[in-house]
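As written in TrEMBL, here are the features:
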ACT_SITE  D85  active site, proton donor
BINDING   H86, H181, H209  Zn(2+) 1 binding site
BINDING   D107, E137  Zn(2+) 2 binding site
BINDING   G182, G210, G211, S212, N231, V232, G233, T234  dihydroxyacetone phosphate binding site
Amino acid sequence: MALERVSKILKMADEANTSVIAFNCINYDMAYSAIAVAEQLQKPVLIMLYPEHNYAFNNADIKGFAEMVKALAAKVKIPIGLHLDHSSDFNYIMRAVKDGFTSVMFDGSMMPLEENIRLSRKIVEVARNFDVDVEAELGHVGFAKESDEENLDMYTKPDVAAEFCEATGVSSVAVAIGSAHGVYLEAPKLDLLRLNEINEATDVPLVLHGGSGIPNDQLEIAFTKGINKFNVGTEYFQLYYDSMHEYIETHKEERNVNLLFEMSKYVQGKLKDYLREKMKLSKF
Ligand SMILES: [Zn+2]
């Protein structure tokens, strides 16, 4: 089927009292594997592109990426969503919208609250004309390597979240409750009490970033307390890298170009094994 609205998939997740998993992908192997496993398990999935990878490394053409995910989604029967991850650049977001992204994240979490509200609302107003959903971030989800100490000031406050959602009209909001991007130095402890309060104070689906390395028991609780979108990047990238490394190491004595053509199939197999396990958390 055609791409599904991310807001609709998050609504389905909310009704099922669970979360859809959103995987950061850079290419066909990663997007195809996630969609193939989703179809196998009959669960929706979201494919995300992280703009900074494109700024810095030209990993994917943004329009080409959107077209690729659309073509993959057209071949399956389960709902597939396409989402642009963190960007605070209005022009980049608008380009992504024009190029076919049906959901975008505006990250104003490092800005003063008033500015975050003003710009999030502006993006929502424009995106609405294109039937595009907008995720914002409130509080700040930092980087795991920097946040070994809890910084409660950065955590999302329930009353502010309510005010923010009301004032901006966003379709979903990423909350800071103790997760972080990257590799954790020690297992994080989500502030589930705070999550519960945010969930009671707001009506919009909540998003959990920094999903690589959070213990499953905490995730299972978080998914029943308002987290309807769960972002996984680091873990999936690491596995992709490790699988390629392993393949090359295994064949390092050979110099045969056919090995190049066979690599995708090998890597996709590894990714699918991981995805089948990971997506068990998503209880549709
Ligand atoms: Zn994030």
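Placement of Cβ uses the backbone N, Cα and C atoms for every residue, glycine included.
Keep in mind that TrEMBL annotations are predicted by a computer and have not been checked by a curator.
Filtering E137, G211, V232, G233 by Cβ distance to ligand 1 (under 6 A) retains none of these binding-site residues. Cα of G210 (dihydroxyacetone phosphate binding site) to Cα of D85 (active site, proton donor): a distance of 12 Å. If you compare Cα positions, T234 (dihydroxyacetone phosphate binding site) sits closest to H181 out of the recorded positions D85, H86, D107, H181, H209. Listed in chain order, the extra residues whose Cβ falls within 8 Å of the Cβ center of the Zn(2+) 1 site residues H86, H181, H209 are D85, D107, E137, V141, A174, G210, N231, G233.
A straight line from the CA of G211 (dihydroxyacetone phosphate binding site) to the CA of D85 (active site, proton donor) spans 14 Å. Neighbours of S212 (dihydroxyacetone phosphate binding site) among the binding-site residues H86, D107, H181, defined as a Cα within 10 Å of its Cα, are H181.
Annotation for the binding-site residues S212, N231, T234: lowest Cβ count within 10 Å of the residue's own Cβ, T234. If you check the recorded positions D85, G182, N231 against D107 (Zn(2+) 2 binding site), the ones with a Cα inside 10 Å of its Cα are D85.
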